[in-house]
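Structure first, then comments.
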Amino acid sequence: MPTSDYDPACLPDLLPLYYRRLFPFSQYYRWLSYGGVSKNYFQNREFSFTLKDDIYVRYQSFTTQNELEKEMQKMVPYKIDIGAVYSHRPSQHNAVKSGTFQALEKELVFDIDMTDYDDVRRCCSAADICSKCWTLMTIAIRILDRALREDFGFHHLLWVYSGRRGVHCWVCDDAARKLSVAARSAVAEYLSLIKGGEETVRKVVLSDPIHPFINHSLSVVERYFCQYAIVEQDILGSKESVDKVLALLPEDILSFPVVLGAQLTVISLSLTYFDKEIMLQYCYPRLDVNVSKGVNHLLKSPFSIHPKTGRISVPIDLKELNTFDPFEVPTISLICEELERPRADEAEDDDVKDKENEQEAGERRRIRDYKRTSLAKYVKVFDRFLEAMARSRKGEMLQKSDLQKDF
Amino acid sequence: MQFPGRRKKLIGSSQNDLYDHCLQFYGQPPLENISLTEFETFAVERLKLLKTVENLGVSCVKNSEQYTKKLDAEISSLNFPQKAELSEQKVQGGISEYEKRRKDHISHFILRLAYCQTEDLRRWFIQQEMDLFRYRFNDLHSKHKTDFLHKNNLKYETVSAEEKKSLQDKLIASSYGLSGTKVEEHDVYKVPFQDALDLVRTRKVYLLAGNAYIPHHEIVTIVLNDFRTRLSKALAMTARSLPAVQSDERLQPLLSHLSHAYVGQDYSIQKNIGKISLEQIDALSGKSFPLCMRHLHKALRENHHLRHGGRMQYGLFLKGIGLSLEQALQFWRSEFVKGKVDADKFDKAYAYSVRHMFGKEGKRTDYTPYSCMKVILSNPPSQGDYHGCPFRHSDPELLKQKLQNYKVSPSGTNQILELVKGMHYQLACQKYFELTHNVEDAGFSLNHPNQYFTESQKLLSGGRDIKKEVDMSQRSQENPASVTRPSQANSKQAHEEMGDLDSFFQDE
């Protein structure tokens, strides 16, 4: 599918169209209201916008979905970030007594950025990605999704393509949103296996006993390793990259001839896991703990645009993870173009228009609009995610009312 | 002791009920009356204990043999409860276990009053109390651990035998020191992961569906979490009721100084007067002076001047190492005169100040040399000042350079900088002592610049002359609370300490 050449210079024209007719406001509002269980949850949420010419504004907040729409259509943000739910309306934070304005809740989030893997990928570097290294994201998603669900007991995870070189995870469970800074950082550290920066050569060190979490993660990595590392990344393909691999081996066995992938006799306890360590160093997810730690940390919003690539930050359907292609994600130019294509069913709409009020009409139009574009399937993924949360909330309320003998 | 708004009726007030376990969560405040002397003594001794906990926590690996031995000794010598049964016979002349537990209880609550006031104080207090609690809990026999959990209504959900069996391999793989038999025989507890963050963070526990599966021997981590939460809340509450307590004139001075308390020898009584000659000072500054005084001495030599803060800190130190008034006057005059001050001006302006230090002017108070605590916490230096504690007040880069100039090895410098980063300034200075004297262990806990000097001289002279003096003063310091009725020496000691606390904040 052609992505329709995207030109950042067109943003000023495309964005207004996007916010007027395509951005899924009603689902977005539904998400952030979380069923209206907590009072003022949406109203006290911070948004931040990056406007044209890199003007950055924080502490934006809105009282209704309508206000959100109007403001976004007026300000036409190039980037949108979502922050925490505060104790008061963020837009009024200056009027609040100093010290009382506090971030209370926020989703637990993770940010996986391909640049963090530059030391282990040969195909690209920095902001570039390709189909060969994208596998790293697939591995990261599988490992983290399993751990967050099975180990930590979370249920409502929204995985989103960042629009350029990574993925984000929004853990939206009630319990997740209420986590303290210490808890968030503990979760992030539990999930971290790669330690060390530029000066560290051997970034993964395993010792007995191997925690079940590591074993689970290894089994994921092993599924992809051969195809990814040996074939696609070709890590044994040049002397330089072979040397890099050998550099990860503990010093005492370098004197032995090494054949990777074959059985090696265990010489001493410290050597037992070198093969696992190498696989993990090449493939295990690298997360930025600082992103996950802060309750007030701002993260790129789903369905926002990435100004450099024009791509929309779309939710990822984990059922189709193996076939997800970041280069197939629609750009704003594509969907705006799709919008302009003539429609077969235009006639009947005119009749219905007169009977509805402005907003409903607007919404209906918008729903029909995005359905005509490549955005449709991604909004569906989002819808299913919202449905699951709604069902679970209903289930909880029934449980509660049963306990209270409320019939 | 009565605290407004916190009275609780004691049901069943027999001695045994009140302190039926050697460990407690300090849930209920003490409800009796005690004398002011006991109040002071208890507080000071618990503070000594907590400071030892802090020192050992940084200088030894927690729970190593060295750590346990030293902490055990300190707990014993300060008469705090150990694992003994309540009914155990009194060691002749010693204190009963009941009395130790009572002291533990009361002293904890007194220190709460002193340490609830700022975020820093609270954090310090909670950290040391937690370390102490962890040590004492781990020291308990398994039966007593379970007793403790029951008595405090700590109901942690236990995992059923079937679940244990099905998860056995996973449990063994996640927890250090766990074997198949242990899993079968002992309880495994299931708590929400949010209550076991320390274990989660380091991946030392098995997680399933949001729950952490904790083996019996690790339960201390969970209990500690509980302890921390309760203490934190309690301190916040205490801070709120503090104004009422502070209005009590008898308590206010003590409490407001306890958090800055120095609880050791004060070097006010001059020993070795005249033993040091002025010519020796340059050499001594390189060998036996702590970094702060070496720094001050160098600045004085280079600039032929020191500002007030520096004169006080250094001047009193010199008095402490044994300079007589005449020597001091000669020392300062000869230096200042090399600078912009002529002899006349010195006699008019600065001599007075030196005599004042020696108690020969004005109030005639014989000022005591500053302890590390005072140097670190009061009167931070500004531009043009050379006083203060270099480990606290110097920019780490400059400190690094200085240490390198003084020939401290790079690895030693790094160790020092790590301690500085952790805000363990006195330990950093102690490390400096160890590196410059080429010893593994300083053998003392640094609290006072003059102590540094004395210990250094002791080490360098093979421990002869000065040792006798040091021993005597240390012995009198070690026995403050082994008597239930405060003896003359004891109360005088405590009183002296309190008196000196006042003087800490009374610069001329």
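From the backbone N, Cα and C atoms, a Cβ is placed for every residue, glycine too.
Lifted from TrEMBL, the feature list:
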| type | residues | note |
| --- | --- | --- |
| DOMAIN | B:283-453 | domain 'DNA primase large subunit C-terminal' |
| BINDING | B:Cys292, B:Cys372, B:Cys389, B:Cys429 | [4Fe-4S] cluster binding site |
| REGION | B:465-508 | region 'Disordered' |
| COMPBIAS | B:473-492 | compositional bias 'Polar residues' |
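Its own atom aside, the Cβ of B:Cys389 ([4Fe-4S] cluster binding site) has 26 Cβ atoms within 10 angstroms in the protein chains shown. Residue density at B:Cys429 ([4Fe-4S] cluster binding site): 26 other Cβ atoms are found within 10 A of its Cβ, drawing on all protein chains shown. Apart from B:Cys292, B:Cys372, B:Cys389, B:Cys429, the residues listed for [4Fe-4S] cluster, the same chain places the Cβ atoms of B:Pro290, B:Leu291, B:Val375, B:Ile376, B:Pro390, B:Phe391, B:Arg392, B:Tyr425, B:Gln426, B:Leu446, B:Pro449 within 8 Å of the centroid of those Cβ atoms. Working note on the binding-site residues B:Cys292, B:Cys372: by count of other C-beta atoms within 10 Å of each C-beta, B:Cys292 ranks first. Taken together, the residues of the domain 'DNA primase large subunit C-terminal' (B:283-453) have an average pLDDT of 89. DSSP assigns B:Cys429 ([4Fe-4S] cluster binding site) to a helix in the three-state reduction.
Mapped onto three states, the DSSP output places B:Cys372 ([4Fe-4S] cluster binding site) in helix.
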